[in-house]
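Asker: This is the structure I have questions about; it appears just below.
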């Protein structure tokens with residue numbers, strides 16, 4: 001253990017890391033210590049740990065979890081010192097005692113998109129956005145976390161794996177097994193999170209990969225060559241039931257509290273054809289963020305009770 | 001506040017931790033080399049004096065040869081070249097290959113070949129780079145294809161390399177900006193002959209590969225190196241493209257002074273980088289590498305030097321008793337006189 005930090009209690013254990021709470025001794029600041037298990041993997045340091053370290057070292061932003069330090073202890077375990085973030089958006093969505101108003105949703109969306117914009121302008125795809133990877137600081141700020149699946153935008157001919165993103169937040173190009181995709185996969189996930197915040201329940205909860213296609217296209221329509229030229233050549237595009245795209249009225253009925261521009265933004269993020277999906281900049285400049293009500297100040301957002 | 005791509009680059013670890021001036025770079029290598037010498041001296045001092053070979057060695061310690069600064073650099077480049085070949089063998093992308101090579105060069109800014117043999121470090125750099133750049137190769141597959149190594153030998157250095165990299169693993173190479181220029185040139189100069197551009201783009205990619213065997217990646221940004229490589233293939237094209245980008249095409253009187261200055265400044269950088277790519281890309285021979293490696297062997301295990309002396313003495317003794325004729329080289333003569 002480094003002399004600069006204390007390790008107080010174990011709060012979680014994943015496949016490649018154990019997470020502890022602790023303090024930075026010099027400042028008294030609360031921190032989380034992610035101790036990467038080394039030596040337990042026959043191929044050396046785990047890929048997820050490598051990705052997390054690689055990308056967090058490059059990304060310093062108020063809406064991205066801060067990697068405070070990296071060091072090795074005597075046992076040669078790798079320790080990632082992260083800022084301490086006590087809750088996440090999933091906890092808040094599931095806490096039925098909390099009242100969430102549209103201005104709160106706008107605030108969380110704004111912070112999420114700002115963090116994501118910073119990832120994308122650095123050429124980094126997150127590839128696993130979901131409510132429990134959007135952590136909340138004690139001051140109420142959203143911090144994008146868990147870069148274990150992230151990757152750099154490569155050269156255009158490079159093949160990418162479509163087996164990314166937790167199922168419910170997976171865009172149609174990934175469901176079809178596309179090997180070339182773009183930052184639009186993250187935008188889709190944020191669009192689904194937006195819907196989930198409004199509904200207070202997961203928007204497209206597919207039971208398995210096949211069901212995810214059905215659930216997604218029932219809600220948003222089946223992509224066709226008309227609205228997405230080339231889609232029929234994607235690996236998993238076959239034997240699809242063609243559902244129509246929902247009418248505006250159907251969407252209004254599904255999201256009764258949403259304003260017209262909230263629906264516009266959501267639809268822009270959930271365009272089936274990834275080339276038509278809004279990018280982070282277009283989302284941030286969207287009228288939704290400038291119309292009333294103003295986004296809630298982070299410190300006044302609902303907190304985990 | 002508008003954040004430019006330059007601002008973003010200045011926030012990258014490549015800029016913050018791995019960009020140097022020429023003299024900073026030299027200084028780091030001098031310090032690393034001194035550390036290597038000091039470590040070797042410690043190893044020599046730790047040897048058991050009661051052994052005859054150690055005694056002999058102490059008497060002849062002034063003949064012990066350390067690896068010279070320049071030899072370090074050449075041997076590292078020799079293994080950087082081998083790293084490139086090995087990456088090709090595994091069908092790894094330019095990104096994986098280049099990152100591995102950069103890890104190797106970065107490693108020896110803080111360590112000496114007299115501490116860790118670059119033949120071993122190179123393998124771990126490539127194995128790690130494949131993981132970092134998303135082209136995972138299992139350790140067993142990796143080792144099966146490389147003679148005289150084991151998974152343990154490769155994994156043993158992984159952590160050391162990570163630490164030396166200051167846990168900053170991202171590398172930006174000139175390939176992506178070069179591709180960006182390839183696209184932007186087509187936009188900017190729409191009448192350009194595409195075959196000419198395509199041919200020179202391929203040539204420039206080759207030169208980018210060569211630029212890795214120079215100090216350029218530590219001294220300049222990837223787009224600067226990319227432009228220099230393209231300029232080497234087609235100077236007219238690059239100068240025309242840049243003139244247009246800087247708005248210098250129409251020879252009017254109200255040409256922007258700032259733009260001219262910027263253009264000239266960039267051209268100085270491009271010419272300098274081009275010069276380095278052409279003249280300073282190292283490619284030492286196998287013979288040279290063997291000579292330096294032999295020295296490293298003695299530095300890592302100085303007792304071998306004592307044994308070598310014993311053997312030489314033994315041979316000379318045998319020779320003396322067999323015939324009186326003097327046949328020794330300079331070194332032997334010197335030994336005898338002491």
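Along the chain as shown, the residues are counted starting at 1.
From the backbone N, Cα and C atoms, a Cβ is placed for every residue, glycine too.
Please treat TrEMBL annotations as automatic predictions, because they have not gone through curation.
Pulled from TrEMBL, these are the listed features:
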BINDING   A:34  ATP binding site
DOMAIN    A:5-289  domain 'Protein kinase'
Asker: Using a 10 Å cut-off, grab the number of neighbouring Cβ atoms around the Cβ of residue A:34 (ATP binding site), all chains included.
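Answerer: Neighbour count, Cβ to Cβ under the 10 Å cut-off: 21.
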Asker: Suppose you look only at the domain 'Protein kinase' (A:5-289); what would the mean pLDDT be?
Answerer: 93
Asker: Tell me, by DSSP, whether residue A:34 (ATP binding site) is helix, strand or coil?
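Answerer: Its secondary structure by DSSP: strand.
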